[in-house]
Amino acid sequence: MEEDQEEPPSSSTSSESPEVVLKAPKAPTRRRKNSKKDRRQDMEVDDGEKESTAQYCKGFYDALRVMQTTNKYEFTGGAVSSPVLPVLQTAAFSPITPASASDMHTIVMSLLGNTPITSGPSIAPLSSPTLLPLVTSGDLDDLSMKILASSAIPGPPIISSSNSPDSSTTAVTTSQITAFQPLLNNFVSSTTASTSRPDKLNLTPPQQSAEIYAFNGVNSDDSDGGLDSRSASRCGMALDDQEKKKLERKRARNRQAATKCRQKKMDRIKELEEQVLHEKHRGQRLDAELLELNRALEHFRRTVEHHSGNGCPNNSIRV
């Protein structure tokens, strides 16, 4: 009896074991699906970060290239050892890669004209036409970030003298950033308007001329006003042409109407002249008839007088 009683639990365990075996593989499959989804999401996030980083760094590469073309600087040979060189030595539209911290420092210092890009003794350092006193290396970290902030946000540059105890260094830094702020603003606006593709970079002479105007202190509002005045003058010229055409058409219609009116007047004058001639001829005929009647009347009087003189009384006729 004990063996018979012990057998059911064994059968129950054997019946439960296949269920456990069937349920076990489902858990890892779900984990794999979840892991694939997570990987896809991570890959999408990484791609978005790469695109945003490339878009953010593209402005600095464009700024550096425009500064190089403005200063007419040419690289020579293997004396150049700069982290920016692989980008600058390629074609005008090179692929954009995320920049490191050292690349950012090199770009900022080359824009300010304080640090040479080349390390060879035969190549002169890159300098701006309006070269100002140097900035200390201790201010480089804060300086790079504050230059970017001042270029992105319009207004006076934001600079503190926490790292530089000397007030003259702070004044020099402020003047340098103020001098280069119009160029940086133009670079930021041009890069944000362009796409992330390298072949869509806006490195054209008109942009460079606009930057030179901004650097020389020419107000962009004046140029906008000039463009507005030109467009207004063109619109005025177009309106003048339209008004002239309308006036010519009106004059042509007036000339046609005047011609018709003169023709009607001439026709009426001819009709009246014909009527005058007709009335003259009629008057002449009436005058001739009147003469004939006067002659007949005179002849009748003479006849009556002759009869009365011969003794023929005629009381009905009275002279």
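Backbone N, Cα and C define each Cβ position, glycine as well.
Here's what Swiss-Prot has on this protein:
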- 1-52: region 'Disordered' (REGION)
- 216-264: region 'Disordered' (REGION)
- 244-307: domain 'bZIP' (DOMAIN)
- 244-285: region 'Basic motif' (REGION)
- 286-293: region 'Leucine-zipper' (REGION)
Just give the helix, strand and coil counts over the domain 'bZIP' (244-307), going by DSSP.
64 helix, 0 strand, 0 coil
What mean pLDDT score does the domain 'bZIP' (244-307) have in the model?
94
